[in-house]
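According to TrEMBL, the feature GTP binding site maps to 261-268, 343-347, 407-410. If you look up TrEMBL, you'll see 1-21 marked as compositional bias 'Basic and acidic residues'. If you look up TrEMBL, you'll see 38-58, 67-80 marked as compositional bias 'Low complexity'. Annotated compositional bias 'Polar residues' per TrEMBL: 85-100, in sequence order. Per TrEMBL, the feature compositional bias 'Acidic residues' maps to 121-142. What TrEMBL records for 428-441 is domain 'SRP54-type proteins GTP-binding'. Residues or ranges marked as region 'Disordered' in TrEMBL: 1-153.
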Amino acid sequence: MGLFDIFKRKATKPEEPKPVESETSEAPLTASEESAISSDTSVDQTSVVEPESSSNVEAQQSSEVDSQTAASTESLESESMVSKLASQETSTIAEQSESLASEDSNESSETETSKTPVEVDSTETSDEPEEPVADEPEDSVTEEPAVAEHEEATYEKGLEKTRSTFGSRLNEFLANFRSVDEDFFEELEETLIKSDVGFDMAVSISDQLRDEVKLQNAKSKQAVSNVIIEKLVQIYDDQGKDEDNSIHFAAQGPTVILFVGVNGVGKTTTIGKMAAKYKQQGKKVLLAAADTFRAGATKQLQVWGDRDGVEVVTGPEGSDPASVVFDAVDKAKKENYDVLFVDTAGRLQNKVNLMNELEKMKRIIEREIAGAPQEVLLVLDSTTGQNALTQAKMFKSSTDVTGIVLTKLDGTARGGIVLAIRNELHLPVKFVGLGEQVADLQEFDASEYVYGLFKGLVTEEG
């Protein structure tokens, strides 16, 4: 199933109806109501146990006393009516109690009616604590859907600005739609480039749509919009067929993840959030503060370390970052750490000496731990748009980048950069920052991204 098919299925998913029984289950019975129910139940069972004896007495009285007054007859009839009403009320109450109680409580209620009131209270209090135990498996079953719903909501909220801006630009473009001609395709390319999907992808979509039968047959603005978005998703999906968005861990020994990027993109914050994530998963995490040049960089990482409850390897300000990396790798090996995150100084991709320093750190890691670093993650600020794409191209040409971390997606209308990164760089986006909280750093999910980006923009025409 393609990404667009998944998108349409999610977009047309009906809302689950709320259970009707919630109103009755939310209001617990008071002590007075419980006593009334127990008294009504005892009256009802007395009338049920001896129906023949009461009818025989009435027959004997009617045969022996023929001269009974009309008032006594009415009294007997009123008593029978009261008995019937009482039996109806108790049967209704019994049905409600059966829907609220388990089979065990039903059995206990049957025995309680034949016992004294003191015995009834003791059995009821002993049964009540058992009810939460039966509910626990239901909570564990619904845990995974709850996580999925949270992830979907995080993507939807984080991409709100991008979705709104893309939708308004598309609507502005379609406002002048009259027919599918050459001017139409030129304006489409311009609209897509403004939306940060990248020049190459904009041209590719325009070229493919020229021969698109669906577009030629489109009569309304909504139909044209649907075809454009479908083509965007299809191209994005085709470019990522063999893409691996997961983080690779070492089969044995510490996993080393190196973070690179320019200043101010959020490398240290990303490391702090990822450390919290993997610490919660039960992994033993170590941080290396190899950004020894930026004032306050080491202290910032130490603050995250204290917050996450993980240790940080540091060095003097202005010292050789390669020495910090060596100390961190040595500690990770000796003390059996699962993951080592290495923070590096921000560096421009065109500064040769800084890029050489980065390569020196990589060589130390490779020498000390076979197969490391398992990941070299390039952190990009999504608010910079096409400039982030240029940075990625330069870093990819100078070092072995294995994946992208895209930060600040919630604060920009340029979320379309994800489409351009896959199309032009063929690098997997592994994490995206969709908010300020730790839980808002999400492992990248292409289907959730597509849904959050285009939700509400594709509709079925009636």
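Backbone N, Cα and C atoms are what each Cβ position is placed from, and that goes for glycine too.
Please treat TrEMBL annotations as automatic predictions, because they have not gone through curation.
Classification of G264 (GTP binding site) by DSSP places it in coil, neither helical nor stranded. Taking a C-beta cut-off of under 8 Å and a sequence gap of six or more, K267 (GTP binding site) has these contacts in its own chain: F259, V260, G261, D291, D343, T344, G346, V379. Taking every protein chain shown into account, G261, G264 are the binding-site residues, and of these the Cβ with the most other Cβ atoms within 10 Å belongs to G261. With DSSP states grouped into helix (H, G, I), strand (E, B) and coil, the domain 'SRP54-type proteins GTP-binding' (428-441) comes out at 3 helix, 6 strand, 5 coil. Per-residue pLDDT, averaged across the domain 'SRP54-type proteins GTP-binding' (428-441), gives 93.
Counting only residues at least six positions away in the same chain, the Cβ atoms of G158, L159, T162, S382, G415, V432, G433, L434 sit under 8 Å from the Cβ of L409 (GTP binding site). Mapped onto three states, the DSSP output places T344 (GTP binding site) in strand.
In this structure, L409 (GTP binding site) is part of a helix by DSSP.
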